[in-house]
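Pulled from Swiss-Prot:
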type: BINDING; residues: 304, 341, 342, 350, 374, 375, 376; note: ATP binding site
type: BINDING; residues: 411, 423; note: Mg(2+) 1 binding site
type: BINDING; residues: 411, 423; note: Mn(2+) 1 binding site
type: BINDING; residues: 423, 425; note: Mn(2+) 2 binding site
type: BINDING; residues: 423, 425; note: Mg(2+) 2 binding site
type: DOMAIN; residues: 267-450; note: domain 'ATP-grasp'
type: REGION; residues: 1-162; note: region 'Unknown'
type: REGION; residues: 163-458; note: region 'Alpha-L-glutamate ligase'
């Protein structure tokens, strides 16, 4: 045996000081060419113009008690054939390995090893001219028990860092945005306000990126909370979609937001799923105005711009003549609109149910200001806490599920034939409902992200 080689067994404890890994159990396999280490939430980014990668490592098999956040320079991307014969393109990093009293630099590919028996595989390239393998032995360089390993990680697990969450919006001073930032920071997370207009995309099959004005790359986020104003729907959803392609969790997905923002499409989806809505009509030509009015039971009726929110672009036409004038005026501007039956018995009131993760976490009754028929808070309406019926609760939950929204403000109106769905909002305001109920809605939104990402405070 050469003097500079040492014997290792079929499994050994390794360390990677540069990655902050004091102990990780490795399967030693001279039949495998490359070495790999467990990595999840792998995200490429640039540092001083060079390619780097960030990733999370759970160093103990079958345990998420310890989570390490690692960064390393990328030296390559390679197609690696896994043990099941599948080809996977992996990032390759280099780091110094410590085995017993020996240390040298090895190359590691990053991959999810949750389905494997070991968090690390030590292949023959890493062992070349360094070791001899005795497959009949284990832990030739020393065994460590669970208590010893947890003690090695004690400082890191006690000081576990929070998540990095981006708030994708337009105005940092709005009540809702301030509350979300505040709620995240109170829970120990790093909250980053991202102005939608200052984000831009790099479309690249191997290195997609989201940039922020000034050159900062945003690929290192754990999650984004899209709060997209209607005028920014197209670009905001494109940004959200790009974050999703980087395996960054979106509290509401781009597809769900797109569905909910298209009022006609959303009503069609609700109708398809047998959810009750006010009778509505849609036509392309002013020639069909009279039939459209008759379709919803005649005047009085509601005329809605498809692009409107917060009660804007909604008109009550009290007579047939007024309805014809409003519809034809809107059509002359080449805008899309809906006509909808007017629910007189609601008396200027509606319900807002706030849904998070399939639960109605809060509900309020909104009442229109004197002389106004719209109950929206932004139109001067008032809010009061209300207890909703089981039917109303189920309607709200089914509506959010139909849209695919994890977080939704569902508007319901009480009619003589039962509760009817008015609208599902993917960026519902927090001020009215938090003020009326005293419930920490912003905190519940952060809780949803923590639950989805499996994050728990120590």
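Glycine too: its Cβ is placed from the backbone N, Cα and C atoms.
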Residue pair residue 350 (ATP binding site), residue 425 (Mn(2+) 2 binding site) - Cα distance, angstrom, rounded: 14
Listed binding-site residues among 341, 342, 411 whose Cα sits within 10 Å of residue 425 (Mn(2+) 2 binding site): 411
Around the Cβ of residue 342 (ATP binding site), the count of other Cβ atoms that are within 10 Å: 19
Chain-internal residues near residue 423 (Mg(2+) 1 binding site), provided their CB is under 8 angstroms and they sit 6+ positions away: 263, 266, 410, 411
Helix, strand or coil at residue 342 (ATP binding site) [DSSP, three-state]: coil
Across the region 'Alpha-L-glutamate ligase' (163-458), average pLDDT on the 0 to 100 scale: 89
Three-class DSSP secondary structure - residue 425 (Mn(2+) 2 binding site): strand
